[in-house]
Amino acid sequence: MMKKCCYLTIFVLLVHLELLAIEPVNATAKRVVVPQNPADYLSLTYYLNKCPDAEGIIQQKVGAWIQRDFTLAASLIRLHFHDCAVRGCDASILLNYKGSQRSSYVSSTLRGFQVIDDIKAELEKRCPRTVSCSDILTAVARDATVFTGGPFWEVPFGRKDGRISLAKEAEVVPQGHENVTALIEFFQTKGLNILDLVTLSGAHTIGRCTCGTILYRLYSFNGTKNPDPSLNTSYLNLLKKRCKRSTDLVYLDAITPETFDTVFYTNLQRKVGLLTTDQELYSDQRTLPFVEAMASQPFLFQNQLIVSMTNLGNVQVLIGNEGEREIGRERVFLGRDGRASCKGKAKHREAERRERKGQSIGF
Ligand code: HEM
């Protein structure tokens with residue numbers, strides 16, 4: 001009887017301990033939940049109390065700038081891509097000094113920096129040291145998409161700005177002459193899949209390209225002394241006419257260059273893709289079905305664009321303090337005119353110098 005009672009007590013104790021391991025004794029005790037994905041820290045209500053007008057201010061500014069110069073819409077979307085493609089969406093593309101990502105050859109045709117600085121200056125007036133430059137870039141890309149006829153999506157906020165920006169690292173960003181395998185692999189390193197690649201390439205439905213990037217397709221493709229055979233003949237003739245100098249500009253979508261639509265994909269079906277990287281999406285078996293789907297179903301493109309742009313905005317985001325004192329802060333620099341901006345200089349160079357030396361990068 002005594003033995004039985006002992007076993008019972010031990011059993012009850014074990015069950016109790018097991019339960020303790022699962023449920024905290026005090027239900028109000030703080031539970032530490034570590035999200036697998038840093039993007040899980042981003043929130044749709046991040047600025048709700050801290051800076052309730054942030055999105056409105058950004059949208060109003062983007063609208064005003066685009067009204068003044070419509071070509072900025074495309075440039076602003078591209079700026080966000082180039083930011084996220086190197087070290088994640090951390091606004092490192094905005095840091096402006098010799099040796100920074102922005103000073104690299106790959107970034108030489110990027111535009112729209114003045115828009116971001118203008119927005120930052122306004123937000124600093126309204127909510128000092130609150131809205132990060134990386135969040136501004138992300139919201140701006142969304143608003144520019146909407147202003148050109150693309151879909152709206154909710155942008156989650158809370159990205160922190162990085163402090164490292166190296167020209168050398170910008171060279172990994174695809175420049176228009178890679179093959180599809182290289183594109184897929186590059187996107188994969190950012191956590192983006194083939195469907196994201198095809199969908200985000202659809203941003204080339206607006207905007208322009210310098211002729212220098214595509215001249216090799218027009219006269220002696222791969223040293224053949226003939227144009228690229230994957231170019232539609234009348235399109236080839238048009239490009240020859242438009243591209244007298246390498247600095248001349250041509251539309252990425254020759255048919256509806258100012259509208260965020262699916263004509264980019266139908267162009268590929270007619271051999272009217274400007275970049276080889278775009279045209280090849282229609283010849284590679286891994287990407288072709290997605291091009292077909294987007295070309296025939298505008299609604300599908302719009303929905304997938306919302307998903308893929310959100311994925312892009314989540315690439316390697318910096319959150320919290322990450323053990324670095326400075327990373328947990330928003331970036332603010334005062335220019336000579338006393339206006340706040342996202343450009344940055346000395347502090348960031350110092351951070352890079354120390355990182356190269358393997359020293360701590362906290363200040
Ligand atoms: C898939 C790999 C990509 C390649 C190879 C690529 C390449 C290029 C090139 C070569 C240009 C023209 C640059 C110039 O010479 O002026 C360009 C422009 C542009 N890209 Fe991409 N890009 C890619 C992905 C993306 C993504 C993911 C987005 C946005 C989500 C994007 C948005 C744009 C826009 C909107 C422009 C026009 C910019 C303007 O008019 O100022 N691109 N891209």
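Yeah, the Cβs are placed from backbone N, Cα and C, and that goes for glycine too.
Features of the protein shown, as given by TrEMBL:
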- 41-324: domain 'Plant heme peroxidase family profile' (DOMAIN)
- CYS51-CYS127: disulfide bond (DISULFID)
- HIS82: active site, proton acceptor (ACT_SITE)
- CYS84-CYS89: disulfide bond (DISULFID)
- THR205, ASP253, THR256, ASP261: Ca(2+) 2 binding site (BINDING)
- CYS211-CYS243: disulfide bond (DISULFID)
- 344-363: region 'Disordered' (REGION)
- 349-363: compositional bias 'Basic and acidic residues' (COMPBIAS)
Proximal but sequence-remote residues of the same chain as CYS243 (disulfide bond) (Cβ under 8 Å, at least 6 apart): CYS211, ILE214, LEU215, LEU218, VAL250
Proximal residue to CYS89 (disulfide bond) among binding-site residues THR205, ASP253, THR256, ASP261 (C-alpha distance): THR205
Environment of THR205, ASP253, THR256, ASP261, the listed Ca(2+) 2 site - residues of the same chain whose CB lies within 8 A of the CB centroid: ILE206, ILE255, PRO257, GLU258, THR259, PHE260, THR262, VAL263, PHE264, ASN267
C-alpha spacing of CYS51 (disulfide bond) relative to CYS84 (disulfide bond), in angstrom: 24
Nonlocal residues around HIS82 (active site, proton acceptor), in sequence order (Cβ under 8 Å, 6 or more apart): ILE93, GLN101, VAL106, SER107, LEU110, ALA170, VAL173
Neighbour count (Cβ, 10 Å) for CYS51 (disulfide bond): 19
Residue among binding-site residues ASP253, ASP261 with least C-beta crowding, 10 angstrom cut-off: ASP261
Rounded inter-Cα distance in Å - THR205 (Ca(2+) 2 binding site), CYS127 (disulfide bond): 35
Packing count at CYS89 (disulfide bond) (other Cβ atoms within 10 Å of its Cβ): 31
CYS84 (disulfide bond) CB neighbourhood, other CB atoms within 10 A: 29
CYS127 (disulfide bond) versus binding-site residues ASP253, THR256, ASP261 - nearest by Cα: ASP261
Neighbour-count leader, CB within 10 A, binding-site residues: THR205, THR256: THR205
